[in-house]
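S.K.: So TrEMBL lists these for the protein:
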type	residues	note
BINDING	B:C68, B:C71, B:C74, B:C117	[4Fe-4S] cluster 1 binding site
BINDING	B:C78, B:C107, B:C110, B:C113	[4Fe-4S] cluster 2 binding site
DOMAIN	B:59-88	domain '4Fe-4S ferredoxin-type'
DOMAIN	B:98-127	domain '4Fe-4S ferredoxin-type'
Amino acid sequence: MNEEFNLEKQEKEMPEQGKIVLEDGLGYALSVERKDLLKAASGLKEAGFDLFQFVAGVDYPDSIKLTYRVFSSKRKNQIAVFLKTEVPKDDPTVDSLVSIWPAADWHERETFDLLGVDFVGHPNMSRIFMPGDWVGYPLRKDYADDRIIVMDDGKKEKPAAKVEKAEAVETAPEKVPEAHQEQVQEAEDAKTDS
Amino acid sequence: MAGRVAKFVEAWKSIFVGHNITMRRGYSRGNEVTELYPYEKPQLAERFRGAPQLVRIAGETSEKEGSCTGCGLCAKACPVNCITVERNKDKEAPLKVASWTLDLTKCMICGLCAEACPQAALVMSHDYENAVYAKDKLIYDMERVLRRPIHIMPAATTVSEES
Amino acid sequence: MSKLEEIKTSEVSLDGLGVDISSNGDAGESRTDIRSEELAINFGPQHPSAHGVFRAIFHVDGEVVTKIEPKIGYLHRCFEKIAENRTYTQFIPYTDRMDYVSSMLNNWAYVLTVEKLAGIEVPERAEYIRVIVGELQRIASHLVFLTTAGVETGAVTPYMYYFDEREQILNLFEGVCGARLTYNYMRIGGVSADLPDGWLEDTKVFLKRLAKTMDETDKLLLGNYIFKKRMIGMVPFTAEDALKWGLTGPSLRAAGVPYDIRKADPYSVYPRIDFDVCTRFNCDNYDRASIRSDEIRQSMRIIEQAIEQIPDGPVKAEGIPKVFKPAAGEAYGHVEASRGDLGFYIVSDGTTKPYRVKIQGPSFGNLQALPAMAEGSYFGDVILAFGTLDTVFGEVDR
């Protein structure tokens, strides 16, 4: 195990899990289907990736993309791999990786709390930051809260794909003289918008 | 038994070592660090960031306006929307600010507004004693901002340009 | 009848399920009659030894902690959501408020990731300045750690000495950026301002002074017999478990895993600087505490070399537009913060605001290991283990 991990050897070591590619800005990344996630994860674990670092969910209009980062401490060249998968928004469930990396516990709860992704097989799938009776998932783009201050610039450059966010920004009002009045105004707009 | 003796010696040794250090520290000169704060004001660094303030240059700019042109870049740069700027609506008059309001209850004194100011009319003051009894006194209007004691700090942008 | 006995008897008579204590008065019998049960103790959210707003439910059997249920989220401000409504530059002051004991390193991790996202080359002088202030920040943070570790074991004197040194670092930071805690010093493509005149000389003077203090306080605190007795061998953790539960930073290195991002995934000018990755082997309370002292010395080495190597030149990259819009894409960047692996994962959609910012706070991962680490230990040691994990709740809850 104490040898270098490289892309040529990876295919021999993990034949079923798919190919790791080098992505710009990220590094090594492995994209898998939702149903293959557990298999890919256990393959990575066997290949020496033993330190689970985080899972990040990104809310896109029709799906939530999950990015995991796992690190190998056993290899000489200390490398990390991003494991990526995608869950549809109408059924945001995915296999939990707690059985493979116990450290995924809180990270998955965080993603559940803020994005509403349900991790199947997690021992304690409950909210971690927000109160237990909170309604909604704050990091979803369509989440509306009176207290969110939306900054007024950058509204024209929104691409068409991110409709939900663009709408939210466009409702931001023009500047009202008093700073606190403006906040109240925004809050009202956000309410009527949702 | 030997182990006990060793422990005994080690325990007493650490007591003596500790006392040695604390005594030397305690009775040597030049180690005083306490400041008698309300009576002795601390020495602030030149770049100290206090609440933002508009600069008034004596003789050059009027007491009412300072050198602010009301462009609103500071309000745009502010991460917490605590600055509100209104420009003179009169097209004929020179570009001057009509009102400039700072909500110090929200301000986190990050200094991004002073950095964004193209006129260097807005700087971070050296005021740190901002406590008041009523919350609305922390909303500073133009007059209040210009009336504050002036300690001019070089805006961070100008410093980096010089170097 | 004392108050305690009163409560005990009343409990027994109420539930009827407890051991019958009335018939156990016979002399000569062993005292199996003492009714013992697991007790749930609520700890926090406001507690002097909680280093912030942390609440945990400790299930104790006598003095032994059998189960820990951490409850977090009391300081949750959802910076990840705030980031989606701020421009890239506007979010920098918010990163100060995550791990408020080492704000400079948070700034650095964030701007490093944004620079990676936009492909910005940072001038060399700015990189060296970042290394110097970053390592000073690490020292300041570790000094706070050693202070609290000392205070928790009852050693209050070193606290004065450590905080005196930290004060000097804060003065240096005040000179360079104008703030003492929330610096907002780094900018995308460099730093906000060049070092003031004579700052590097002041830093050199400070390093000499710090070296002397560290020698003294090492004897005073880490070499102290009581401190050692209290810490050595308490709440150990194996390297395997540490990796399994996601520890990073000094706590992981104390378990013998030489994972330091400055070496593993080098950034900035660290490849040009000679320093060692400190490791220990047991990851007990003492290792987790004393490794910080070693790291302070390594940081001092790094600063000394950086001061020698620092070139002249600009401190901010040219050609960064006022309206900063990186191309659509994603980037991950991380730095070795004083508590571990601090990473940012930023997704851009080509507008002025990030589409998503994920913050990977090391304290969050470290705190998660506390139940696995400390269950089965004595209550007093658990408090120390919690202290030596060096969690900052601004970062756990973000």
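From the backbone N, Cα and C atoms, a Cβ is placed for every residue, glycine too.
TrEMBL does not curate its annotations; it predicts them automatically.
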S.K.: Take the domain '4Fe-4S ferredoxin-type' (B:98-127) and count its residues per DSSP category (helix H/G/I, strand E/B, coil), listing them in that order.
M.R.: 5 helix, 9 strand, 16 coil
S.K.: Could you name the residues, excluding B:C68, B:C71, B:C74, B:C117, of the same chain that surround the [4Fe-4S] cluster 1 site, i.e. Cβ within 8 Å of the Cβ centre of those residues, in sequence order?
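M.R.: Other same-chain residues with Cβ inside the cutoff are B:T69, B:G70, B:G72, B:L73, B:V85, B:V97, B:C113, B:A116, B:P118, B:Q119, B:A121, B:L122.
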S.K.: Around the Cβ of B:C107 ([4Fe-4S] cluster 2 binding site), how many other Cβ atoms lie within 10 Å? Please give the count over every shown protein chain.
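M.R.: For B:C107 ([4Fe-4S] cluster 2 binding site), the count of other Cβ atoms within 10 Å is 19.
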S.K.: Against chain C, with Cβ pairs under 8 Å, which of the binding-site residues B:C68, B:C107, B:C110 show up? Give them in sequence order, please.
M.R.: B:C110
S.K.: List only the single closest residue to B:C78 ([4Fe-4S] cluster 2 binding site), chosen from the binding-site residues B:C68, B:C71, B:C117 by CA-CA distance.
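M.R.: If we rank B:C68, B:C71, B:C117 by Cα distance to B:C78 ([4Fe-4S] cluster 2 binding site), first place goes to B:C117.
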S.K.: Listing them in sequence order, which of the binding-site residues B:C68, B:C71, B:C74, B:C117 have their Cα within 10 Å of that of B:C110 ([4Fe-4S] cluster 2 binding site)?
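M.R.: Qualifying among B:C68, B:C71, B:C74, B:C117: none.
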S.K.: Please list, in sequence order, every residue of the chain apart from B:C78, B:C107, B:C110, B:C113 whose Cβ lies within 8 Å of the Cβ centroid of the [4Fe-4S] cluster 2 site.
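M.R.: Once B:C78, B:C107, B:C110, B:C113 are set aside, the remaining close residues are B:P52, B:C74, B:A77, B:P79, B:V80, B:C82, B:I83, B:M108, B:I109, B:G111, B:L112.
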S.K.: For the C-alpha pair, I'd like the distance in angstrom between B:C107 ([4Fe-4S] cluster 2 binding site) and B:C68 ([4Fe-4S] cluster 1 binding site), rounded off.
M.R.: 19
S.K.: Could you give the mean pLDDT over the domain '4Fe-4S ferredoxin-type' (B:98-127), rounded to a whole number?
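M.R.: For the domain '4Fe-4S ferredoxin-type' (B:98-127), the model's average pLDDT rounds to 82.
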S.K.: Can you tell me how far the Cα of B:C71 ([4Fe-4S] cluster 1 binding site) sits from the Cα of B:C113 ([4Fe-4S] cluster 2 binding site), in Å?
M.R.: 12
S.K.: Please work out the number of neighbouring Cβ atoms within 10 Å of the Cβ of B:C110 ([4Fe-4S] cluster 2 binding site), leaving out its own Cβ.
M.R.: 25
S.K.: May I ask which residues of the same chain, at least 6 positions away in sequence, place their Cβ under 8 angstroms from the Cβ of B:C68 ([4Fe-4S] cluster 1 binding site)?
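M.R.: Looking at Cβ-Cβ distances below 8 Å from B:C68 ([4Fe-4S] cluster 1 binding site), excluding near sequence neighbours, one finds B:L54, B:V85, B:K96, B:V97, B:W100, B:Q119, B:A121, B:L122.
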S.K.: Between the Cα atoms of B:C113 ([4Fe-4S] cluster 2 binding site) and B:C74 ([4Fe-4S] cluster 1 binding site), find the distance and write it as a whole number of Å.
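M.R.: One finds 4 Å between the Cα atoms of these residues.
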S.K.: Among all the protein chains here, how many other CB atoms are within 10 A of the CB of B:C117 ([4Fe-4S] cluster 1 binding site)?
M.R.: 23
S.K.: Provide the number of Cβ atoms within 10 Å of the Cβ of B:C74 ([4Fe-4S] cluster 1 binding site), excluding the reference atom itself.
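M.R.: That number is 25.
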S.K.: On the three-state reduction of DSSP, what should I expect for B:C74 ([4Fe-4S] cluster 1 binding site)?
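M.R.: In three-state terms, B:C74 ([4Fe-4S] cluster 1 binding site) counts as helix.
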S.K.: Which one is it: of the binding-site residues B:C71, B:C78, B:C113, which Cβ has the fewest other Cβ atoms within 10 Å in this structure?
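M.R.: Each of the binding-site residues B:C71, B:C78, B:C113 was scored by Cβ atoms within 10 Å; lowest is B:C71.
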